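Positions annotated as ATP binding site by Swiss-Prot: Pro91, Ile92, Gly93, Ser94, Gly95, Leu96, Gly97, Ser98, Ser99, Ala100, Cys101.
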Amino acid sequence: MVKVYAPASSANMSVGFDVLGAAVTPVDGTLLGDVVSVEAANHFRLHNLGRFADKLPPEPRENIVYQCWERFCQALGKTIPVAMTLEKNMPIGSGLGSSACSVVAALVAMNEHCGKPLNDTRLLALMGELEGRISGSIHYDNVAPCFLGGMQLMIEENGIISQQVPGFDEWLWVLAYPGIKVSTAEARAILPAQYRRQDCIAHGRHLAGFIHACYSRQPQLAAALMKDVIAEPYRARLLPGFSQARQAVSEIGALASGISGSGPTLFALCDKPETAQRVADWLSKHYLQNQEGFVHICRLDTAGARVVG
């Protein structure tokens, strides 16, 4: 049997709509991600378990893990009978790359089970295709960091899908999921079809400056450039209490904050453990809306998807 863990990810990072994403892991050792196991069988079977298994489609063919198996078999040109188990630890529609976790874990597990017939580039292309079935369009800002680890910048030129951007070891990512669902498709539909020239210029300046600051090792500058003129001005209205939370974490000392992916998870960047804890405490009390919500203090997950059994 092969068992693969795929970590949560925070896409966009305010400054890089659809082109930046970071894999994250809680500092307390909690596994924030999905696990898929694969073993040989006489015919295909899929079993779901985990905290959020009851939120998955009841029809197996609608489950993205089934679709991953089907697409992987197509890529190899043969049917591979396996029993798969999805441990669904990630809330759906959370802005933490939930569908990407399932897709990445399923495809890596299938590839490992079959002796790695597909290389990383081919696997990543399949991951983007399958994740796009859920979000409505192909983009790699969750699957790339989830698969490869760290911060990833989407390139999609010269056969290169993404490349790693150096992160900062001192950065702590406080992630607060309020316990409500935001559909990625709905969050995309709310965005305008056209943007003002000054917003396009600001977006380019922020993103170019952020990448430069990462490579020139200027964490304060990088954090200061994490501004969103593309999505947050429109999506904030979908997130109850978001604007107040941003103001509060800034006053506590967060370097930057914003919407993780399409929401509703809020991320706040801190460079001191005590600041991160104070931010986490405030968000736990004021941003969470129900028992399904949670707050984690995380660092970059530099390993990405990995075999755990």
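Using N, Cα and C of the backbone, Cβ positions are placed for all residues, glycine too.
Predicted, not measured: the structure shown is a model, and the values here were computed from it.
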Give the three-state DSSP assignment (helix, strand or coil) for Ser99 (ATP binding site).
helix
Rank the binding-site residues Gly93, Gly95, Gly97 by how many other Cβ atoms lie within 10 Å of each Cβ and give me the one with the fewest.
Gly93
Around the ATP site formed by Pro91, Ile92, Gly93, Ser94, Gly95, Leu96, Gly97, Ser98, Ser99, Ala100, Cys101, list the extra residues of the same chain whose Cβ is within 8 Å of the site's Cβ centroid.
Ala8, Met90, Asn142, Gly261
Spatial neighbours, same chain, of Ser99 (ATP binding site) - Cβ under 8 Å, 6+ residues apart:
Ile64, Ile92, Glu131, Ile134, Ser135, Asn142
